[in-house]
Amino acid sequence: MTEQKYIVALDQGTTSSRAVILDHDANIVSVAQREFTQIYPQAGWVEHDPMEIWATQSSTLVEALAKSGIRSDQLAAIGITNQRETTIVWNKETGKPVYNAIVWQCRRTADICEDLKSRGLEDYVRDNTGLVLDPYFSGTKVKWILDNVEGAREDAEAGKLLFGTVDTWLVWKMTQGRVHVTDYTNASRTMLFNINDLCWDQKLLDEMGIPASMMPEVKRSSEIYGKTNIGGKGGTRIPIAGIAGDQQAALYGQMCVEAGQAKNTYGTGCFLLMNTGQEKVTSKNGLLTTLACGPKGEPAYALEGAVFMGGASIQWLRDELKILNGAEDSEYFATKVDTSNGVYVVPAFTGLGAPYWDAYARGTIVGLTRGVNSNHIIRATLEGIAYQTRDVLDAMQADSGIKLANLRVDGGAVANNFLMQFQSDVLNTEVHRPQVTEVTALGAAYLAGLAVGYWNSIDELQDKAVLDRTFEPHDDEEKRNRRYKGWKRAVKCAQTWSELHDEDD
């Protein structure tokens, strides 16, 4: 009997760094987590300290090993998944960042984006990167650092500076500066990567004044990039063998590796990704085209849509309206009534995301009558999350021409059985909830394990993807269509609110 080996996933998120150790049956053996500082230098700006990201991430690996009594020489490989778009620029000679990491949420580069739009680059960005010209993505963040940090542009042009998303920074640190790489999924979120030719886009680098020498080499999401001694005693060298951005790692962890397979992560917002296989689909409905992973970690195309308010709308019921003590109580109260009594809640608190992209829409409750109570409003709020998910999935199916096979789900809100059943009814599609909901870490671990032969094939992994529950649609077509029509009317009310204000003026 050979000694038990394990895979570790490093999950570097927006608020914390985690290490998750898995065994051969994909059971979680040990988890360690450390939060780190959120830095807000001014309104709309968000930063992290790259050295703190590194310190918290490396210490979680040591801690996860110590907690479980697993030795470093029992690790078959390390997989990395990370918050996407967050941008780090560092000096390759000193290993020191020239500025804090500029986080994906940071809006400081809005003016740079407007300038690029005025130069007619919007269509070029959409056609070649699959993205919209927005401060969310890495490209304008790199330009900002080069333009605003003293000496940065000169050093960059002299070949002294390197750029990376968080995955690149971690691999560079773990290999003592020997390896400067990223994977296709992270590269596709920079707004600097051509997803048609699968290479850095020279025109966009030139337009933003970014030297090509700063860019990491782009590799598949499943291969050995280098080896590390991190957490290792003496000469133990552990292969770093998997990299994927968090949403793409979740897509892979859910085994959505073929065209038409999709997942929804129900967090603060909702992140929907649909694998479209080897065919690049350009959205006509405000979705992003991005790169994901095929069965062997090779690049595949995907459509991505985000809903701004998912679980956050339940927090609003708890914190602001105070009609819930805990978010988990929402299921109990929603099932105290048979219907939402004609009420629709459109949680457009910060506008509407895909497929509407209406920054001026505002939250709306419509259909109120004297018989409506707090349970109806709680139920309608949960239903609103499911309707928004249908809005995005309808757009994905229209864009791709691919019928959704089923919806795989993960994230905190999937514990809510009422929401999951209603989601199935609204979509007229099966909803699959996995037993292990740590799908982001699973995805990174699977990619790493396949690269080193820890698992032999995607088929072996499919067998490990045990479902906790399958929700099947119950509604008849007439009822489903009538409800959804009502939702569309409610959304129109949310969108008309600001237009009416303009007319009053």
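Cβ atoms are placed via backbone N, Cα and C, with glycine included.
The ATP binding site annotation in Swiss-Prot covers T14, T15, S16, T268, G311, Q315, G412. Cβ environment of Q315 (ATP binding site): A327 lie under 8 Å away, each six or more residues apart in the same chain. Taken residue by residue with DSSP, Q315 (ATP binding site) is part of a helix.
The sn-glycerol 3-phosphate binding site annotation in Swiss-Prot covers T14, R84, E85, Y136, D246. Neighbour density for R84 (sn-glycerol 3-phosphate binding site): within 10 A of its CB lie 25 other CB atoms from the protein chains shown.
Within 10 Å of the Cβ of T268 (ATP binding site) there are 16 other Cβ atoms, across all protein chains. If you look up Swiss-Prot, you'll see T14, R18, T268, G311, G412, N416 marked as ADP binding site.
Look at Q247 (glycerol binding site): DSSP puts it in a helix. Positions annotated as glycerol binding site by Swiss-Prot: R84, E85, Y136, D246, Q247.
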Integer Cα-Cα distance in angstrom, T268 (ATP binding site) to R18 (ADP binding site): 19
Assigned conformation of R18 (ADP binding site) - DSSP reduced to three states: strand
T14 (ATP binding site) and D246 (sn-glycerol 3-phosphate binding site), distance between Cα atoms, whole Å: 10
Whole-number Å value of the largest CA-CA distance among T14, R84, E85, Y136, D246, listed as sn-glycerol 3-phosphate-binding: 15
Local Cβ density at S16 (ATP binding site) - other Cβ atoms counted within 10 Å: 14
Shortest C-alpha distance to E85 (sn-glycerol 3-phosphate binding site) - which of the binding-site residues S16, G311, G412, N416: S16
10 Å Cα neighbourhood of T14 (ATP binding site): matching binding-site residues from R84, Y136, Q247, N416: R84
